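Noted in Swiss-Prot for the protein shown:
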- S198: phosphoserine (MOD_RES)
- S203: phosphoserine (MOD_RES)
- 120-125: motif 'Histidine box-1' (MOTIF)
- 157-161: motif 'Histidine box-2' (MOTIF)
- 298-302: motif 'Histidine box-3' (MOTIF)
- 1-72: topological domain 'Cytoplasmic' (TOPO_DOM)
- 94-97: topological domain 'Lumenal' (TOPO_DOM)
- 119-217: topological domain 'Cytoplasmic' (TOPO_DOM)
- 238-241: topological domain 'Lumenal' (TOPO_DOM)
- 264-359: topological domain 'Cytoplasmic' (TOPO_DOM)
Amino acid sequence: MPAHLLQEEISSSYTTTTTITAPPSRVLQNGGGKLEKTPLYLEEDIRPEMRDDIYDPTYQDKEGPKPKLEYVWRNIILMSLLHLGALYGITLIPTCKIYTYIWVLFYYLMGALGITAGAHRLWSHRTYKARLPLRVFLIIGNTMAFQNDVFEWSRDHRAHHKFSETDADPHNSRRGFFFSHVGWLLVRKHPAVKEKGSTLNLSDLRAEKLVMFQRRYYKPGVLLLCFILPTLVPWYLWDETFQNSLFFATLFRYALGLNVTWLVNSAAHMYGYRPYDKTINPRENILVSLGAAGEGFHNYHHTFPYDYSASEYRWHINFTTFFIDCMAAIGLAYDRKKVSKAAILARIKRTGEESYKSG
């Protein structure tokens, strides 16, 4: 079956995709509590339980001197050691066994999906719903990735969207490439991040037992799934050297996953084009999408954060959307939310680059 036909088949099978259209109704729910497919204003979406990932243009940075940077030396030392170990791991690549390459790819993809399909599109934005087996899979992948637990990751990400490019944005790209890439993890949070972050509604995350279970046991979970397991499996099962297992399969793989995610915060906010909203910093960056499983269509994502594809195009350089659609085909994902073509074209005309031809 041709790829585009397969995509249509999977996208329409077993579950519904809610289409967001435009304009002009503000009705979000019917009497039975189900989401309606009614036209909405472009700035609105149909997630009545989720409003805190929508950009708030009324928030402005406070005037006056900026607070002094407070370095977190523990993080600086640990990140430096991690990247030194990862660099050494690169030199070991030619000496690794084929099963180790496969293991690293498997572990990388599991961790990536735990971030992209899990912490990002499911828990931060509620762009689709997942049944328990899929949620467990994504929680495990998220723990393997070790980029903060789902609760903290989602809280920071919602703040990033709502207060984007301000002092309340945890990785504000206006503070430079290095800060938005990794520097924000090496210093104390700006007071505005804590102040505005505390105003976010996180009740949906607190109410989810699986998310809170992961948060409660996150440290031992990370120790086991991010460091011990990926090191011991190659060493024990196919007699890989301990050196290769530690520095390549574990430290290099972990550092690679971190930096690819960080590029969404840094490169995808600085380099690329802005077809959907030229008034905001996030850009469409194909190279970032290649590494980050489809997360580089960032101008679209910040314009329509409620679209489960995080892109106008579902499977185009977007492994995460392919994965979610496959999960929908077997009944594990449902209620995927997708912005309509009419809404996209209207938004391009209003705030985007009119020379851009929507596909």
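Our numbering is plain: 1 for the first residue shown, then up by one each step along the chain.
Keep in mind that glycine also has a Cβ here, set from the backbone N, Cα and C atoms.
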Surrounding residues of the topological domain 'Lumenal' (94-97) on its own chain - C-beta under 8 Å, 6+ positions past either end: 234, 238-241, 244, 248-249
Chain residues in Cβ proximity to the topological domain 'Lumenal' (238-241) (below 8 Å; excluding those fewer than six residues from its ends, i.e. six or more beyond): 95-97, 99-100, 249
Residue distribution over DSSP helix, strand and coil in the topological domain 'Cytoplasmic' (264-359): 39 helix, 9 strand, 48 coil
Cβ neighbours within the same chain of S198 (phosphoserine) - under 8 Å, at least six residues apart: none
DSSP-derived structure type at S198 (phosphoserine), helix or strand or else coil: coil
For S203 (phosphoserine), nearby residues of its own chain (Cβ under 8 Å, 6 or more apart in sequence): none
Residue distribution over DSSP helix, strand and coil in the topological domain 'Cytoplasmic' (119-217): 63 helix, 3 strand, 33 coil
Within the topological domain 'Lumenal' (238-241), residues counted as helix, strand or coil by DSSP: 0 helix, 0 strand, 4 coil
Local confidence of the topological domain 'Cytoplasmic' (1-72) - pLDDT mean: 55
Tally of residues which DSSP labels helix, strand or coil - the topological domain 'Lumenal' (94-97): 2 helix, 0 strand, 2 coil
